[in-house]
């Protein structure tokens with residue numbers, strides 16, 4: 001291959017290939033390592049206090065993060081939970097799908113609780129796709145259809161996330177940049193998209209003019225916040241030293257590619273989604289922290305090998321207040337499953353784990369941990385892709401003695417009962433990922449940092 005000298009891109013004199021540019025700020029990532037609801041918001045909140053930029057890269061307002069600051073509970077669905085930090089900029093990346101009325105309503109609700117000047121520190125990528133009210137209506141209609149045809153639904157949050165990503169993939173979606181450009185052209189495309197859905201769902205009623213009027217108002221409110229997200233992130237990474245944090249929504253087992261399909265969300269909630277959802281190179285990904293609950297929960301239907309449909313499951317549900325932030329649904333509960341954690345680690349390459357809600361196990365006499373799966377009597381080293389196969393696995397458990405004492409006041413490793421320490425070490429050794437934080441309560445102070 002002949003080596004041409006393009007200006008600014010001259011071949012190296014040594015004839016070897018140029019080394020990749022390893023400069024720039026590294027991005028810290030926080031991801032869910034189970035089926036969501038692991039307490040990511042708490043870990044993000046901890047790291048956000050010293051971050052300059054906090055980003056969301058995928059999902060929509062189907063995520064729910066609760067953060068407690070000074071005794072006040074803030075609920076976030078679309079806004080990065082780092083928006084509480086008045087010194088940081090929050091970014092909604094191109095991979096996020098945005099329901100604009102929902103975003104503004106969420107901001108207003110949190111304003112009433114004390115959130116100030118959020119619009120001065122929020123940046124929205126112009127390449128993000130828009131969730132319309134009819135996407136949300138279609139989400140509900142599709143669930144009804146699934147129930148009628150298959151006798152089961154996916155258990156979506158009915159927030160329009162799936163239909164919006166479908167519009168995106170079929171190239172009929174509309175983005176923030178379209179909304180802020182020629183509104184006449186936007187209106188035409190909006191009407192066409194609405195008609196396409198009405199052709200598929202004859203019962204769907206769309207108030208086209210009403211929705212367009214609302215969207216025009218939203219457009220003017222968000223206009224000052226909209227930027228070219230790719231350039232903004234490039235500038236942030238390659239400019240002066242900055243701490244950049246990415247908060248994942250949903251979790252590994254809800255990932256559209258790697259999750260328990262079809263009972264998953266519609267985006268990549270594993271580490272690859274960070275690169276595609278913000279437009280940043282893999283080279284700039286730094287620490288990747290996985291958030292894990294000390295037991296396992298799942299919302300909606302789908303296989304759940306370590307689920308406990310007994311008093312153990314009930315105890316975890318009531319003690320852990322396991323109810324979804326977004327849907328209000330009771331979560332299904334079971335023992336910690338290390339097969340899932342190893343699988344999530346294969347995909348994400350975690351630097352460390354944050355183990356949350358350890359205090360929920362305080363009352364247990366004995367704690368079981370799922371360590372491997374057997375299929376037809378043989379141990380399997382992988383996590384099955386097929387849901388029918390996953391339903392058939394036999395979980396092998398290890399039993400550990402409970403510590404039977406209150407850990408909620410513990411603030412450092414030495415404060416924890418020895419049996420609780422053993423439980424933590426057991427998880428680390430079996431998954432091969434160190435545990436950097438242990439959560440023993442709701443508040444910021446309840447996260448014990450180990451190293």
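The first residue you see is number 1, and the count goes up from there.
Cβ from N, Cα, C; glycine included.
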Check each of the ranges 1-24, 73-96 against TrEMBL and return the one annotated as region 'Disordered'. 1-24
Anything within 10 Å of residue 37 (active site, proton acceptor)? Look among the recorded positions 64, 65, 157, 327, 440, comparing CA atoms, and list what you find. 64, 65
Cα-Cα, whole number of Å: residue 250 (IMP binding site) versus residue 330 (substrate binding site)? 16
Compared by Cα position, which of the recorded positions 62, 65, 157, 168 is the closest one to residue 328 (substrate binding site)? 157
